[in-house]
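Taken straight from Swiss-Prot:
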DOMAIN    15-107  domain 'CARD'
DOMAIN    196-531  domain 'NACHT'
LIPID     Cys558  S-palmitoyl cysteine
LIPID     Cys567  S-palmitoyl cysteine
REPEAT    702-725  repeat 'LRR 1'
REPEAT    755-778  repeat 'LRR 3'
REPEAT    867-890  repeat 'LRR 6'
REPEAT    895-918  repeat 'LRR 7'
REPEAT    923-946  repeat 'LRR 8'
LIPID     Cys952  S-palmitoyl cysteine
Amino acid sequence: MEEHGHHEMEGTPLGCHSHIKLLKINREHLVTNIRNTQCLVDNLLENGYFSAEDAEIVCACPTKPDKVRKILDLVQSKGEEVSEFFLYVLQQLEDAYVDLRLWLSEIGFSPSQLIRTKTIVNTDPVSRYTQQLRHQLGRDSKFMLCYAQKEDLLLEETYMDTLMELVGFNNENLGSLGGLDCLLDHSTGVLNEHGETVFVFGDAGVGKSMLLQRLQSLWASGRLTSTAKFFFHFRCRMFSCFKESDMLSLQDLLFKHFCYPEQDPEEVFSFLLRFPHTALFTFDGLDELHSDFDLSRVPDSCCPWEPAHPLVLLANLLSGRLLKGAGKLLTARTGVEVPRQLLRKKVLLRGFSPSHLRAYARRMFPERTAQEHLLQQLDANPNLCSLCGVPLFCWIIFRCFQHFQTVFEGSSSQLPDCAVTLTDVFLLVTEVHLNRPQPSSLVQRNTRSPAETLRAGWRTLHALGEVAHRGTDKSLFVFGQEEVQASKLQEGDLQLGFLRALPDVGPEQGQSYEFFHLTLQAFFTAFFLVADDKVSTRELLRFFREWTSPGEATSSSCHSSFFSFQCLGGRSRLGPDPFRNKDHFQFTNLFLCGLLAKARQKLLRQLVPKAILRRKRKALWAHLFASLRSYLKSLPRVQSGGFNQVHAMPTFLWMLRCIYETQSQKVGRLAARGISADYLKLAFCNACSADCSALSFVLHHFHRQLALDLDNNNLNDYGVQELQPCFSRLTVIRLSVNQITDTGVKVLCEELTKYKIVTFLGLYNNQITDIGARYVAQILDECRGLKHLKLGKNRITSEGGKCVALAVKNSTSIVDVGMWGNQIGDEGAKAFAEALKDHPSLTTLSLAFNGISPEGGKSLAQALKQNTTLTVIWLTKNELNDESAECFAEMLRVNQTLRHLWLIQNRITAKGTAQLARALQKNTAITEICLNGNLIKPEEAKVFENEKRIICF
């Protein structure tokens, strides 16, 4: 009967019925769908519609449906205004009465002016929990975790976005990401509509955790463009704290180990299960999750109410078997891969560009004098700038600079002005930490030397090293009270800021600690291996097992990951470790090379017996030499284009970094001899500008001419500057997709015009403007052997285009010019047309996607009548029409050397196509005219089926 009444009301204007009658007719519908009675009672009390006695009567009802019926009885008995207010509460508190949204929409309820003035209090558990989460995340993300615990930096004042790049499944560049909001939107960079995980990856220290902290801060303050009502943040390394016997329900994981609802947790969890799309999860550092727990022994799916091991819950959350539809943002270091079916987007963090670095310097040093002093020192040392491209290292260097300013107030604080290694940076920050408790006023200035500082802090450093080594050995990054006590760390040591305390996360109570960054743990691990006299040479070198030869199985890794492909949607646990990233081992090796370098011996002799130091140094060098020979010999080689090409892998970059840390010319010469090729391919290795310092250190000893391919990396202008020692021997220089600006091109111009040996210059997809185009033109003018020039997808307009075209016209060696994806327009096209006339060498020209109209097309067609060298011209994605087609048809009746004419995605119709087809009757040289994507209908294209050289579809 009541159900019939409900349907009877559908589509009937509310004004025709009283509010009391509406509640009567829909009584059972309301009884069924109202879950939260307390919120109704609270609002009726707040506005004086219910007395305390009314509230007690409702509370005395034994079941929720009985409570709803009693509220309805009381509301209806109090008249129209109270009934209308009752409906107003249902309308305003959408989360509390989500099941009534459709019904409220159907009845077209609109409150009167009187009712709109009434106060609505939201005591709904779901809404309260959202506010609780916002408060907690806002508090947790307010301060940037600083390397000295006594200092807190406001995140709002120190955070800066880094270069964020959308990439495809195979890490191909899809363009830059506009900002953090774009991470979660549904229109930018989506690879898989069914995927739920946004995967953010990048090298250690590039800012992944800071990005998540900023995301939390924005969500907590309501500034994030997201509909998420719940935000759960987990650090993957914390899951390593759980024992194999630990069992948790999903509700316990979310509430007891993150944030427990202040009221009605069952109601909150029920809402989350019903509407998982209202939740956003962030999982930080998947590569830092290591456990012996075997997920292959447990079912693929699990029930949200049944207890399971926390790693099972994590795996099923990531795979979507739990809370399917919830948004997930996952971070990991470069090298970790996630199954495609889970991915929604992939975002690569690139670190600071030169402009980011200068902006960050201004933010960290608002005082003008200090700011200018710092920037002058950075400009004088590209090597230091390259290190600062990694936000973590930049922050450490800047904080050390600030410390020197404070300690030596009134004097000029100075950053190193020579080659700086990562070991130098971490020794510096160690010295700063240890000197924090020392007097720093002008009256009591601390004058201890670095050696004295380290000697005074020997006990602390050794204890920290013991903690770090124990964790690194097991790939663990969180330490309990027992590990800290076993190393004899004292309370004062913990206050120095190397270790920071964490909130309780495991099932057992007790304080946990972590180093402020993985790289610091690696540094102290290396320090322990060098300084502890009980460490054997075998143990000293054990992390070098990560230096596997290309093609070797990864089973020799120091520690295998707990994760299997099965848990994330793959088929088998067997085979290579899907999470091969072992940067903590690689950084340990790097710091070992740095600490045992000749330059550090005087410092370390204060701490380590001379004989032990000599023995360890000898063992490291012997192993380093043997590893280098073996690895370089095993690199894949191929004969291509007249070159003996060697394709280096990312491990080769780690070797270069270790060699650079030694600052040993002997090791550099050995590595250079081992290359044994004249073409070194380092494309897609995620090399950064600092790696160019290491590469130059080795190639400086390579005395033959060399082709160098560094396409698709992250070098920027600082990287180009660091390559300066190499340019005297580089004949092929491929620097495409590297964030290079006009500043970097200027360096190239200055260097390449000195030696004039370059034959190939690749600068595709950078940030070069007309200014840089002029430098490129100068290179082409002065380097008479330059044959291949790739300048596509930059920011070059007609002015820059004319400069390049003039240089092409004057060149007798150039054979291939790529200008795709610029904006040279008709003026630029006319300049290239002039260059084409009677050109002696040019065979391939791409002017695709350049805004060229029929006017520019006509000039090019006319010029080709006077050209006998060009065989390929690409004019794809311009604005050419039938008039242009007619001009090219006339050209084809004269030109008998052109082989490929690409006019794809222009505005040519069947009429223009017919003219081109007729011209082919008098041209036997051309092999194809590509017209795909023009204004030609399929039925019109059939006319040209017999002419195989016309390609319409």
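Placement of Cβ uses the backbone N, Cα and C atoms for every residue, glycine included.
It should be emphasised that the depicted structure is a prediction, and the values quoted were computed from it without experimental measurement.
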Beyond the flanks of the repeat 'LRR 8' (923-946) by 6 or more, those residues with Cβ under 8 Å of it: 876, 892-893, 895-910, 913-914, 916-917, 952-953
Counts by DSSP class (helix H/G/I, strand E/B, coil) across the repeat 'LRR 8' (923-946): 7 helix, 3 strand, 14 coil
Intrachain neighbours beyond the repeat 'LRR 3' (755-778), with Cβ under 8 angstroms and 6 or more residues off its ends: 173, 705, 707, 711, 727-742, 744-746, 748-749, 784-797, 799-801, 803-804, 806-807, 818, 820-821
Chain residues outside the repeat 'LRR 6' (867-890) and at least six past its termini with a C-beta under 8 angstroms from it: 820, 836-854, 856-858, 860-861, 897-909, 911-913, 915-916, 918-919, 930
Tertiary contacts of the repeat 'LRR 7' (895-918) (same chain, 6+ residues out, Cβ under 8 Å): 848, 864-865, 867-886, 888-889, 924-937, 940-941, 943-944, 947, 950, 952
Structural state census, the repeat 'LRR 6' (867-890) (DSSP three-state): 9 helix, 3 strand, 12 coil
The repeat 'LRR 7' (895-918) - residue tally per DSSP class, helix then strand then coil: 9 helix, 3 strand, 12 coil
Neighbour tally for Cys952 (S-palmitoyl cysteine), based on other Cβ positions within 10 Å of its Cβ: 22
Stretch-averaged pLDDT - the repeat 'LRR 3' (755-778): 98
Secondary structure content of the domain 'CARD' (15-107), with strand meaning DSSP E or B: 70 helix, 0 strand, 23 coil
